[in-house]
Amino acid sequence: MKLTSPIFNDQQKRRAIIWLSFFHIFIIAASNYFVQIPFEITLKLTALGAANDFSFHSTWGTLTFPFIFLATDLTVRIFGAEDARKIIFVVMFPALIVSYVISVLFSESKFQGFESLTHFDLFVFRIAIASFAAYVVGQLLDVIVFNRLRQLKTWWVAPTSSMTFGSMADTFVFFSIAFYQSADPFMAEHWAQLGFVDYLFKLFIGIILFVPAYGVVLNVILRKLQMLVTERVPA
C-alpha cells in the first residue's frame, strides 16, 4: 500500500509526533540504564574443532536501543521523512539531559541518590555528549537511507539498509567521542575494537529481530489504515 492520501489530519499528526518523541526519550533513558548492565556470550567453537571458544561482552542496552530505529523507519513509512526529522530535532536536547541524568543517578546500574546530581561528572557528561551526537547522526542517516529505498518492492531492503548504516554511524560516533583518549586507559586503548564488536552484535540483533518486527508491525498498521480509508470512501 502506498500512503499518498491524507489519512491523518494535522492534529492527529501532531499527536503522533508527540507520542513518538516521548517513545524515543523513553528508549534513550532505558538504554542509558541498561547499557550499564553487561552480559557475556560464549560461542562454543571447540565443539566444531576450533582451538578456543569465542567470547565477547555486550550490554542490555544493545537490545533496547534498536527500538528507536524501528520507530524511525515506521515513522518515515507512514508520515514521511520530514516528520521523522522533526522528531529527531525535538528529542535531541532532552535526550542529552536524560542521558546525563540517568548515567549519574544509576552509575554502575545502582541508584546513587539524587545528591549525585549536585556534582558535575565530566566523564559521564562526555558519554552523554557522545550519546547525543550518536543519536542525531545515526537517526538522520537512518532517515536518509530509508527514505531513498522505501519505494522498492522488496520491503526488507529499506529497513535492513537503514539499520546497517544508521547503526554503523551511531556506534562509531558514540565510541569515538566517548572513549577516544579517555581517562579510562582500557577504553582509550580498545574503543575501536569494542565498538566494532558492539556494532556487529547490534547489526545481528537488528536483522534477526527488528527487521522482521518492522514487517509485522507495518502490515498491521497498513491493514488498519486500509480499513480506515475504505470506511471513508462513500458507498
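Each Cβ is built from the backbone N, Cα and C atoms, and glycine gets one as well.
What Swiss-Prot says about this one:
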TRANSMEM  17-37  transmembrane segment
TRANSMEM  56-76  transmembrane segment
TRANSMEM  87-107  transmembrane segment
TRANSMEM  127-147  transmembrane segment
TRANSMEM  155-175  transmembrane segment
TRANSMEM  201-221  transmembrane segment
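The transmembrane segment (17-37) makes no contact with the transmembrane segment (201-221): fewer than 3 of their CB pairs lie within 8 A, with pairs spaced 6 or more apart in sequence. Nonlocal intrachain contacts for the transmembrane segment (56-76), taken as residues 6+ away from its ends with a CB within less than 8 angstroms of a stretch CB, comprise 20, 23-24, 27-28, 30-41, 83-84, 87-88, 135, 138-139, 142-143, 146-147, 150, 158-159, 162-163, 166-167, 170, 197-198, 201-202, 205-206, 209-210, 213-214, 217-218, 221.
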